[in-house]
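Step one of this worksheet: look at the structure below.
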Amino acid sequence: MMSGHYTSIDNQKISGSVPAVPDPPPFNFSDTNLQTFPPSGAQGKISGGSRPPHDVDDSFSKSGSGSGEPQQSTWFQAFSLATYKPYFDVDTIDVLDRIKDSLYPFNGTFNEKTASNPDLYGPFWICTTLIFVAASIGTFVTYIAQKLKHQDWNYDINVVTWSAGLFYGYVTIVPLGLYLILKYFSVPSGLVQLLCLYGYSLFVFIPALCLSVVPLEIFRWLIAGVAGFMSATFVALNLRAHIMSAGERWLLIVAGIFLLQLALSVALKVYLFTVTV
């Protein structure tokens, strides 16, 4: 090789040169272990790629909502408004029909009609209306009486608090206690259906309270007795068919329900049907 001049070298004629390396044959990966990971034959590993083994604690593998879902469906669900939404999904026609059934207590078909769709809308407004009627009638009659006597009018707030505690408490505690008793005797019953039945059974006391303004004590006792008998008969006859499966004690349970409803009418007469002019 001379300086300044370069000569092309034929690689093929040079002795001792490294022969050209041919292209390697294509390498085909086996499809056995690539399509599914891990392989189906693996033991002691996560199978299917989605479920952990039974002995692995997966507390941290769940999301925050997923870990609390069982508790929400048992305890927290009672404090959710979505739980009670279906029980307020009724039309005005449905509520009016159920009110009419409560005024015909001898039919005994209320539970059959409301078995698939018991509501709490009607019972809530019936109790609220009873509280308003009791407070307004008592206040109005007292106001007129004191004005006729030229006295200063004094409003008694205890009428509202007492009637609210009576109606809301009665329509909640009594059905709950009856529900527990029926469960003890293995009688099929629903708590919402009992709340619905007892709520509509109080509607008859609304016109009875309105008639209590008549200043005749005998008439007031008569109105309270008729309203209590209708309400007690309505509840007892609608529950009789279900309670009969409790055995020989069904008659005592029905009699207790009837007498308890009559006791409510007596309490209303003593504390709310005593307005005077």
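Quick reminder: no glycine exception, Cβ is built from N, Cα and C everywhere.
If you check TrEMBL, you get these features:
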- 1-15: compositional bias 'Polar residues' (COMPBIAS)
- 1-71: region 'Disordered' (REGION)
- 29-38: compositional bias 'Polar residues' (COMPBIAS)
- 109-266: domain 'Yip1' (DOMAIN)
- 120-145: transmembrane segment (TRANSMEM)
- 165-182: transmembrane segment (TRANSMEM)
- 194-215: transmembrane segment (TRANSMEM)
- 221-239: transmembrane segment (TRANSMEM)
- 251-272: transmembrane segment (TRANSMEM)
Contact set, same chain, for the transmembrane segment (221-239): CB under 8 Å, 6 or more residues outside the stretch: 102-103, 105-111, 197-198, 200-202, 204-205, 207-208, 211-212, 254, 257-262, 264-266, 268-269, 273
Distant-in-sequence neighbours of the transmembrane segment (194-215), which means Cβ under 8 A and at least six residues beyond its ends: 98-99, 101-103, 110-111, 114, 118-120, 122-124, 126-127, 129-130, 133-134, 137, 141, 167, 170-172, 174-176, 178-179, 223-224, 226-227, 230-231, 234-235, 238-239, 261, 265, 268, 272-273, 275-277
